[in-house]
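Per TrEMBL, these features apply:
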{"type": "DOMAIN", "residues": "4-252", "note": "domain 'Carbohydrate kinase FGGY N-terminal'"}
{"type": "SITE", "residues": "D8", "note": "site 'Important for activity'"}
{"type": "BINDING", "residues": "Q82, H83", "note": "substrate binding site"}
{"type": "ACT_SITE", "residues": "D245", "note": "active site, proton acceptor"}
Amino acid sequence: MNIVAGVDCGTQGTKVILVDLGTSRVLAECSAPHELISESNGRREQQPSWWIDALVTAFEQAVSTANVDPKMIKAIGVSGQQHGLVALDSQGEVIRPAKLWCDTETAPENAQLLQMLGGEQACIDRLGLRVETGYTASKILWMKQHEPENFAKIAHILLPHDYLNFWLTGEYCADFGDASGTGLFDVRNRCWNEHVCALIDPSGNLFKALPELNRAEKATGVVIGQAKERLGLSDNVVVSSGGGDNMMGAIGTGNVKNGIITMSLGTSGTIYTFSDKPVELKHPSIANFCSSSNGWMPLICTMNVTSATSLVQDVLKMSLAEFNHSIEASQIGAGNISFLQFFNGERVPALPDGKASIHGLDAANFTRDNLVRSVVEGATFGLKYGLELLRGAGINIEQIRLIGGGAKSAHWRQMIADTMNCEVICPEVEEAAALGAAIQASWALKGRMDNEIIEQLIALNEESRTQPNCNNVAQYQVAYDRYIDTLYSQYPRLAEAQLTGGCNE
Ligand SMILES: Nc1ncnc2c1ncn2[C@@H]1O[C@H](COP(=O)(O)OP(=O)(O)O)[C@@H](O)[C@H]1O
Ligand SMILES: O=C(CO)[C@@H](O)[C@H](O)COP(=O)(O)O
């Protein structure tokens with residue numbers, strides 16, 4: 001048996017998938033949860049050791065579910081939540097907990113960095129995208145200003161998936177896709193940018209701490225030491241270059257050629273497509289990242305999707321089944337409630353200091369079902385706001401491939417189809433980022449990118465195909481317009497930015 005493993009270290013947990021390349025069958029999909037350090041000042045952190053423990057737990061479950069000997073595994077690919085800062089000292093030890101993609105404590109440092117770069121347009125000219133709160137660069141500046149002793153210890157900067165690759169292989173390496181979300185990288189020319197590093201650290205140490213960059217079909221190394229022992233692997237198990245979870249979700253949904261759109265309803269919400277050349281930026285909120293398949297992938301990210309819905313679910317002490325039942329039991333528009341879902345600040349629209357708020361409550365509409373529906377609608381409308389930016393940039397959206405935890409809900413799928421007025425379909429393998437990582441692992445085994453394996457492994461789930469319903473589309477449009485009016489009344493600068501094409505949001 002020729003087995004490869006795909007690992008996806010998301011925000012809420014790590015998933016492991018095992019794929020038999022001989023039969024193109026998925027043998028097991030398992031996961032283990034992570035904790036999250038969360039404070040109301042926007043701090044969002046995790047200990048990198050938690051990711052390792054979750055990887056080992058999910059891996060052990062997967063080999064046991066598939067009933068295979070781990071020694072049969074030939075290659076591993078790793079996908080990870082983007083942007084997180086893992087700072088290591090000269091011994092390769094973690095200096096402090098990783099600040100995550102959703103950390104908004106660093107918003108002032110991001111604004112400062114943008115200013116140091118000469119403003120939004122100068123930043124786009126230099127890096128090919130606007131640096132956002134959440135990207136890695138501002139976390140490094142934050143460390144310099146708030147924890148100078150820790151900053152002085154930095155010898156290596158890694159992203160979450162790079163760190164797991166380092167644990168597996170002992171190599172300090174990065175891939176173009178995940179590196180493009182650091183804010184230290186020139187996305188058009190696919191290289192680290194020394195100028196931005198020098199703005200943060202004129203000594204040159206930061207630039208020196210950046211890892212070597214690796215192409216999508218190249219191996220990072222082989223599994224060694226403690227990792228090999230804990231996972232029970234044989235010698236020479238190849239580890240691919242890996243990538244950010246959205247980059248791997250793109251591979252796992254076949255989004256490696258022009259014309260396909262993927263949307264993820266994970267902790268964050270993302271929408272992205274493939275491009276074989278760097279995209280001319282039509283709106284600064286569209287992130288012009290590189291893909292982990294040697295191309296580019298314009299992407300929209302909202303920070304509050306299942307992170308927001310889970311909070312309401314927890315407060316109301318509901319199971320997921322009860323929560324989904326409430327969506328079904330309530331009417332479109334949630335009795336005219338608008339839920340601005342920014343529990344975590346927000347990236348699109350650019351509201352790093354945003355707070356959640358509920359509008360339009362009265363004695364008649366204040367019900368559990370409406371509260372549930374309104375937060376799910378809020379998260380969905382946030383994604384529609386982003387989707388309209390992509391449409392406005394000329395990206396044609398005829399079908400959405402839907403992935404992430406929320407895609408498992410048939411009600412939410414229908415809401416997405418109706419709100420976006422577009423067909424929705426899920427891939428058979430829902431853990432698309434982990435599957436993408438497994439596919440990339442197979443490329444590393446062969447030493448070349450192979451789209452045949454994508455054809456063999458990725459099938460669409462016909463049962464999940466969901467068409468927009470005309471009546472619902474009209475009703476959701478009314479609810480969306482009300483949501484946008486509420487958003488603009490709370491944050492007038494967004495309405496002004498709308499008139500200037502998104503600048504100065
Ligand atoms: N059937 C379902 N209906 C709605 N939401 C779901 C369902 N199953 C899982 N989820 C949501 O998906 C979330 C996890 O999504 P996932 O994409 O795995 O997150 P991440 O990759 O960010 O860790 C869970 O917190 C849960 O709220
Ligand atoms: O920041 C982004 C994309 O730019 C997020 O999409 C993270 O990559 C987190 O992903 P999930 O945990 O939601 O999968």
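Backbone N, Cα and C atoms are what each Cβ position is placed from, and that goes for glycine too.
Heads up, TrEMBL stuff is auto-annotated, nobody curated it.
A map of TrEMBL features onto the structure.
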residue: D8; record: site 'Important for activity'; Cβ within 10 Å: 32
residue: Q82; record: substrate binding site; Cβ within 10 Å: 29
residue: H83; record: substrate binding site; Cβ within 10 Å: 27
residue: D245; record: active site, proton acceptor; Cβ within 10 Å: 34
Secondary structure of the residue listed as 'active site, proton acceptor' (DSSP, helix/strand/coil): helix
Mean of the pLDDT scores, which run from 0 to 100, over the domain 'Carbohydrate kinase FGGY N-terminal' (4-252): 97
Sequence-ordered recorded positions from D8, H83, D245 with Cβ under 6 Å of an atom of ligand 2: H83, D245
Euclidean distance between Cα atoms of Q82 (substrate binding site) and D245 (active site, proton acceptor), Å: 6
Separation of alpha carbons, D8 (site 'Important for activity') and Q82 (substrate binding site) (Å): 11
DSSP state at D8 (site 'Important for activity'), helix/strand/coil: strand
Assigned conformation of Q82 (substrate binding site) - DSSP reduced to three states: coil
Euclidean distance between Cα atoms of H83 (substrate binding site) and D8 (site 'Important for activity'), Å: 14
